Amino acid sequence: MSPQTETKAGVGFKAGVKDYRLTYYTPDYETKETDILAAFRMTPQAGVPPEEAGAAVAAESSTGTWTTVWTDGLTSLDRYKGRCYDIEPVPGEENQYIVYVAYPLDLFEEGSVTNLFTSIVGNVFGFKALRALRLEDLRIPPAYSKTFQGPPHGIQVERDKINKYGRPLLGCTIKPKLGLSAKNYGRAVYEVLRGGLDFTKDDENVTSQPFMRWRDRFLFCAEAIYKAQAETGEIKGHYLNATAGTCEEMLKRAEYAKELGVPIVMHDYLTGGFTANTSLAHYCRDNGLLLHIHRAMHAVIDRQKNHGIHFRVLAKALRMSGGDHIHSGTVVGKLEGEREVTLGFVDLLRDDYIEKDRSRGIYFTQDWVSMPGVLPVASGGIHVWHMPALTEIFGDDSVLQFGGGTLGHPWGNAPGAVANRVALEACVQARNEGRDLAREGNDVIREATKWSPELAAACEVWKEIKFEFDTIDTL
């Protein structure tokens with residue numbers, strides 16, 4: 001770094017470049033209850049000291065820039081700057097560190113995930129002094145979280161709305177995801193709901209394509225819901241995807257869903273954006289609609305271990321932005337998800353108060369105060385043989401979603417739904433009787449096949465289907 005040079009134009013201002021660590025590395029700093037805290041996994045470029053790199057992260061994500069500027073003297077940097085207050089090496093990794101940064105609350109606009117992310121995960125991720133940077137966790141203080149509405153309704157209100165308690169909810173994504181006409185799509189929805197599932201779902205890329213315009217799909221799905229409700233006596237729903245190219249069009253679709261009297265709509269919150277998602281969440285709360293969230297594009301952001309944003313941060317952001325359900329991985333299916341890491345962010349979605357637990361990747365204690373919780377949705381390559389593990393892993397406050405695991409049944413859609421409902425009821429009963437689903441799960445399913453031919457057929461079809469690959473996202 002070049003030395004500072006005294007200028008003639010002003011007293012006290014020194015033009016030039018100085019090390020970030022002289023201003024932004026503060027190991028003696030005691031964090032405040034109102035600070036937003038961040039834990040970054042940082043890999044500096046060769047020859048860059050970790051203190052300088054960590055300070056650069058704090059600077060470039062708060063008040064700093066590459067050189068001293070005149071206007072530094074017009075504000076209080078000590079009040080507004082981010083501070084790198086701790087650095088710890090990552091065990092077993094060379095030249096990799098966990099860097100802790102504290103941000104003053106006044107740096108962020110109230111109720112705006114968009115602004116929060118623009119600062120903390122903005123330009124700093126392209127900084128040349130860093131080989132890689134990943135945001136592992138955020139501590140959101142109550143002083144900030146209380147500026148957000150959060151989920152439109154939350155877990156307890158949803159259960160009261162649909163009058164279903166004491167078990168996970170069951171869903172199904174309609175397949176094939178693209179190409180069906182609206183009428184055939186609605187027929188599949190009806191058959192699955194009639195068979196015993198609670199919800200069906202638009203796939204994330206079903207919006208309003210030439211083969212099925214959104215208004216037609218909404219109409220046929222609403223008809224299917226009402227018909228299935230009349231036959232079963234249960235409240236049913238279909239996640240009608242309101243995601244659109246503009247916020248205005250998205251809200252128009254949500255309004256039409258409300259006019260049809262359906263209980264729930266859906267949004268792709270990462271591709272749609274946080275501003276759109278928060279707008280839709282506010283609309284859903286005001287108009288009594290539940291909001292299902294799909295996380296399409298998340299793996300682009302969170303799958304690389306050394307660079308990006310961990311999903312636990314995206315999950316916290318969604319809870320603040322607003323959603324009643326969000327996809328969270330399965331642990332046992334075809335999609336990425338290590339058990340303890342997954343359970344860590346599932347707790348961050350559902351619980352009011354979550355203790356720091358590094359064994360599950362939770363770097364900070366998080367207190368959500370009174371913000372409603374979000375139901376985690378397990379989906380992706382799951383079938384009836386997974387039901388015991390899913391029930392044991394996710395518990396009652398979850399949605400277990402079987403797409404191919406319902407519609408791939410050899411006897412048809414409704415028998416596929418019957419098989420999943422019977423398997424779930426058997427697992428819940430066994431658990432309530434004190435049986436260990438982790439050890440006895442397969443026996444529970446086999447016993448249930450004796451009085452459910454639909455389940456027996458499903459078990460035969462998927463008895464050898466496994467997705468056994470190494471998990472990338474490990475601690």
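Cβ from N, Cα, C; glycine included.
Since this is a predicted model, take the numbers as computed values, not measurements.
Residues N123, T173, K177, R295, S379 are given by Swiss-Prot as substrate binders; from H238, H327, that same site also lists H327. H327 (substrate binding site) sits 12 Å from D203 (Mg(2+) binding site), taking the Cα positions as reference. Closest by Cα distance to K201 (Mg(2+) binding site), from the recorded positions N123, T173, K175, R295, S379, is T173. All protein chains included, D203 (Mg(2+) binding site) registers 18 other Cβ atoms within 10 Å of its own Cβ.
Taking the Cα atom of each, H294 (active site, proton acceptor) and S379 (substrate binding site) are about 11 angstrom apart. Long-range Cβ neighbours of K175 (active site, proton acceptor) (same chain, at least 6 residues apart, Cβ-Cβ under 8 Å): D203, G403, G404, L407.
Annotation note: N123 (substrate binding site) sits in a helical segment as assigned by DSSP. Other Cβ atoms within 10 Å of the Cβ of R295 (substrate binding site) number 23 in total over all chains.
Counting only same-chain residues six or more apart in sequence, the Cβ atoms lying under 8 angstroms from the Cβ of T173 (substrate binding site) belong to T200, K201, D202, D203, S379, Q401, G403.
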